[in-house]
Amino acid sequence: MLVLGIESSCDETGAAVVRSDGTVLSDVVQSQVDLHARYGGVVPELASRDHARNIDPVVREALARANVGLDDLDGIAVTNRPGLVGALLVGVQFAKGIAWSRGLPLVGVDHLVGHLLAVFLRRPADEDAPRPEFPFVALLASGGHTSIYQVDGPTADACRELGGTRDDAAGEAFDKVAKLLGLGYPGGPVIDRLAAIGDASRFPQKAPMASVRSLEFSFSGIKSRMARHVADHGRPKDEAEIAALCASFQRAVTDVLAKKLVQAAEMNGVSRVVLGGGVAANRELRERVKTLANARGIDSFVPPLASCTDNAAMIAYAGAARLGRGDRDGWDLTATSQTSLLRLTRKGRGAR
Ligand code: ATP
Ligand code: MG
Ligand code: FE
């Protein structure tokens, strides 16, 4: 089965052609990072307009690179949640247009399910890498979400949240700390780069909620401590100091993420862990997860960078799983800001 995936939930316009076995025939991502950089975050109205401008050329490019026409497709998958509603609607309406005009089946995909399944994509560079079997425990750490899920199958109804952040998402913390240090937006890649040359022991940070035997996270405290440091000492000018601050921040955050992921797998008797979401591109996190999992006899599966950050290939793959079991959405498919995945409530009961 050949599926066209369309992604426009935030600040990346994406289109990809993917086979249901995960083979990526094309994956086009048009980032809006430069557009939003001067505001230090995503401006929703600008995002929607840019998606509207770019979606047609991005889809054409994805079809051209895959060397397929619309008539070769077996279905269309589009991110319809969670995200900025105005941005999502651009993709959803465009997908409906194509599906209607060619009589193709259409499915909406939860962006978070896309991130959780991105590990199954087969790109030319990692075609032979091992893929996990179900069930696995996955850490989804991105700009808007940070949670641990047990994933029993390739659809939203088979994903269960085991724990998540009480406040900021990990990626949001990276972005805010980078802003504080005057490093620009998005913060993750810059901090990653500087941390590699910084001395993490110069300003040691405690990993947030590391000692609690729960699977919850909190990243607002560490961000406030970084802000206080900058307020007390002024914005650091020398590169060694900036790098040291980045290194200590990154050490604390990646340490708690990796530990709780492995802990979650052990608590649930699952022997495989998986990474997903933009923060999974972080080199220290990737290393840490491999090392910790290895030490506990747990298999770890870490997707290549292009599969971690936002892309439409993961949406096409998740859509193929839905289409494969006969799911179809109608012309009334809507966009919503909320995920369809079960969320933990304070009492531990699931809620949508
Ligand atoms: P969501 O998926 O929750 O809707 P999003 O789509 O904006 O949010 P992604 O594109 O998956 O999120 O991830 C973007 C986030 O990943 C940003 O916060 C960015 O700073 C972070 N990020 C990207 N690369 C790295 C890295 N190397 N280290 C740490 N964080 C990173
Ligand atoms: Mg993004
Ligand atoms: Fe994302």
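The backbone N, Cα and C atoms fix where each Cβ goes, and this holds for glycine too.
Where the annotation comes from TrEMBL, it is an automatic prediction and has not been curated.
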To which of ASP310, ASP327, ASP329, ASP332 does TrEMBL also attribute binding of Fe cation at the site defined by HIS111, HIS115?
ASP310
According to TrEMBL, which candidate in ASN54, ASN282, ASN294 joins LEU140, ALA141, SER142, GLY143, GLY144, ASP175, GLY188, ASP192 at the substrate site:
ASN282
Substrate binding residues LEU140, ALA141, SER142, GLY143, GLY144, ASP175, GLY188, ASP192, ASN282: largest Cα-Cα distance, in Å and rounded to whole number:
18
Taking a cut-off of under 6 Å between Cβ and any atom of ligand 1, tell me which of the binding-site residues LEU140, SER142, ASP310 pass.
SER142, ASP310
Just counting, how many other CB atoms are there within 10 A of the CB of ASN282 (substrate binding site)?
27
Considering every residue in the domain 'Gcp-like' (23-317), what is the mean pLDDT value?
96
State the count of C-beta atoms found within 10 angstroms of the C-beta of GLY144 (substrate binding site), not counting that atom itself.
20
Of the binding-site residues HIS111, HIS115, ASP310, which one sits closest to LEU140 (substrate binding site) when you measure Cα to Cα?
HIS115
Of HIS111, HIS115, GLY144, GLY188, ASN282, ASP310, which binding-site residues come close to ligand 2, meaning Cβ under 6 Å from one of its atoms?
ASP310
